[in-house]
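S.K.: Pulled the feature table from Swiss-Prot, pasting it below:
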COMPBIAS  55-65  compositional bias 'Polar residues'
COMPBIAS  597-609  compositional bias 'Polar residues'
REGION    28-65  region 'Disordered'
REGION    90-114  region 'Disordered'
REGION    583-609  region 'Disordered'
REPEAT    382-417  repeat 'PPR 4'
REPEAT    418-452  repeat 'PPR 5'
TRANSIT   1-90  transit peptide
Amino acid sequence: MIRLIRWNNVQSLVFKRCLFVPSNSLTNKRKRRIPPSKPRSSNRKDGDIEPYRMTDQNQTPNTGSIARLPAEVKKELKDLRSFTKVIAQHLKPEQENDSLTSAEKPDTSQLPPIDIEEATDDIFGEISGTKKLSANAVPPPPPPPGLDIPDEIKERLGLLSELLVPAKTSNNKLPEKQVENNWKLLLSQLDQAGGLSGLSKRSVSKFFSKIPPKNLKNLIPMIENMYNKAEMSIPHPIYYMFVRSLTLGDKISDSQMQLINKYFQEISKQTDLKIDHYETMILAYVKNNHMEKIDGILAQMKKKNIEISKMIYTSIVRGYIFYQKDHQRALDTFDSMKFLSQKTQPDEKVYTDVIVSCVMHREIERALDLYYELKDKGMNVNQNLLSTLAKGCSRSKQFKTQAWNFLFQVYDHGWVPNLQTYEHMLYIAARDGDVELTRVLFYKMLQTNSVTIRAFRYLILSYSKYVPPHKRKEKHLILLNHKGQLFRQNILQDVDFSKPVHGFPFLPSSHIPDSKFVLAESSAIWAHTVMNNPSFLRQQTLVASYVSIALELGDFTEFKDRFDSASYLNTDGIPKVREIEIIEPRQDEPTEKATTTEEQNASSETDNNSLIRSPILNQLQQNINDNQFKAPRDSYLYNLAIKAAGKFKNYGFAQEILHERGQFRKSNSFKLLSPKQQNQDDFQFAGYLVECWTNMNLLEDAYAVVLSSVDRFPWSWRELGVLNNAAMKLGSLELAEAVRKVAQVTQVKHHGKIKRQDFKTYVMKRGY
């Protein structure tokens, strides 16, 4: 209780210990005597709370301290009002029902009765400081330490400076967001309290250096404005802080790069650029994807006799790998790091990046050599490196048996597989056609709510790679390893597909009996994804795997249905031309036409009965008329379509795809490709078209495709072997000879491989 006391006509706030004891009229109990408090011991232990000082009216007060007290109270009240005003500006009144800012009033009718005498003792013990902690009681945690803010800035901020805590807080779930809001609030209050005027440059620089770079990125305009108001010049360390904050993240926009160049110009006016400045500058150009400007920076460093550091080499290597996609130049820079000096030796991070680049470009043997070189140097191996090598080995026929060995090394190191490792497990099992294992791994991801679009794509890929047991000639890769056998057996027994997770339509069986099972389940999963995650279905790679399931396991009707329902022709950029085709039937054809119509109707009824499709897809397609659940067709989808036309020998569908592929070449999506990529896609489609006509025994049409593009495409025996074998089988020796001549001419022209006898003949004709 606080009592107001007057001494010499001066008001003062003095704490008095008073206790309210209820009377008998309230308690209906006998009054009990309050034992007098024990005198305080002068030998107070460390950590005890010092009780409030007792004051007697007869005591002579310290008039000097009492006279200064009202001024301190006024200052505290002024700071408190300013603090309240700033807080009120940042509150959002619309969040009235927020569970974090509002609380329900407790129901007092459900509270137990209170023993007033016992409560009185507790209150007395609390205010007198004599209550002891129980044996099991846990003392409250100490408040987090505040930031070391200069005193003159702390005085200007007042109570608001106590809001700031260090960025590394363990008890806060959202430390970054909380600190960012506090810094913005703090700078606003500092600006309103006079800004930087009257403060020393050293204190200002020390204060701004406390701001984390991630938060500083959004506060740069406010800080520059505060410097301008105070008519102070920004020192070069602050400019460098701005640059470091702007270089955070994976990419840097052109506008941010302009700011970085501006700040570096200001730094160069105040001091000479050091190695740290050049390292940050090169890193910024790498993230801005302007590697061509790095040569000029290196030339400046050479003029100033500044050696190229290891960090600069690392940034250049990462730029060639992840931004420029120039694998060869990345390898050249990596070799320079190894043989230049001892200071520039690459560490495990650089080795990991180069190994990832080798895996991306299908150079698995080089990746393995670098891996063993890394181990010989005694460097640490991380989990992402092992999982990347496992994924790369699964793509190679020579090293695919080592894929699961690298994954099991993750368990040998005692690591818990992260999301990337788990996704690579899915990929290896899917690429191997192990549908049972892929389904189980995906089921585990459903249970932990960690499903990604990449994992879903690998599940669909496993269906497209499925081979029935009676046709499979090789064991699954995981069964070639003893650990793999135990791993597969245990995880299959641990999953019960009869208990669906999140309604995902897995069929209630862990065993895959035949291809109809795969067709039915993939169709049901596609329908479920249309209803719940339609954004997944707009990727061409996913649609290609979904369509390939019908190509490998179904018939033409199944393929045509999936091709039309999951993809569409993007007409952006295609010129609109009206085509009118007039067909006049002959007078002697009515009987044949009627017969043909009856046959088509009968075949369509048979196809509809044999179609394995989810009933939900039929209902969805009746209500959906646009392409929001489809992916735009690309060159790979057209390659699959023309391949299906040849496999199922459907001439009409082949003509339809051939015409639509011509329209696709006029679209914006094809025009945006590089000329090299366009030529490569056209050559692949031409190769599949030759195979299509060959499967239909239209050998002359297939040879016409080759002959019309002999000067454009590097035809080889890989594309022409099917046509040559078909010509030999049908006894068309002239056509086979013509195909062999085309292969010889194109191989010599495009510096390809030729046979030894053909090379001898070529050298004899050349004469040298």
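Placed from the backbone N, Cα and C atoms, the Cβ positions cover glycine too.
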S.K.: Going by DSSP, how much of the repeat 'PPR 4' (382-417) is helix, how much is strand and how much is coil, in residues?
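M.R.: Reading the DSSP string over the repeat 'PPR 4' (382-417) gives 25 helix, 0 strand, 11 coil.
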S.K.: If we skip the immediate neighbours and take only residues 6+ beyond the ends of the repeat 'PPR 5' (418-452), which ones have a Cβ under 8 Å from one of its Cβ atoms?
M.R.: 383-384, 386-388, 390-391, 394-395, 403-404, 407, 410, 458-459, 461-463, 465-467, 472, 476-478, 488, 491-492, 494-495, 497, 501-502, 504, 506, 510-512, 518
S.K.: Tally the residues of the repeat 'PPR 5' (418-452) by DSSP class, grouping H, G and I as helix, E and B as strand, and everything else as coil.
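M.R.: Split into helix, strand and coil, the repeat 'PPR 5' (418-452) gives 26 helix, 0 strand, 9 coil.
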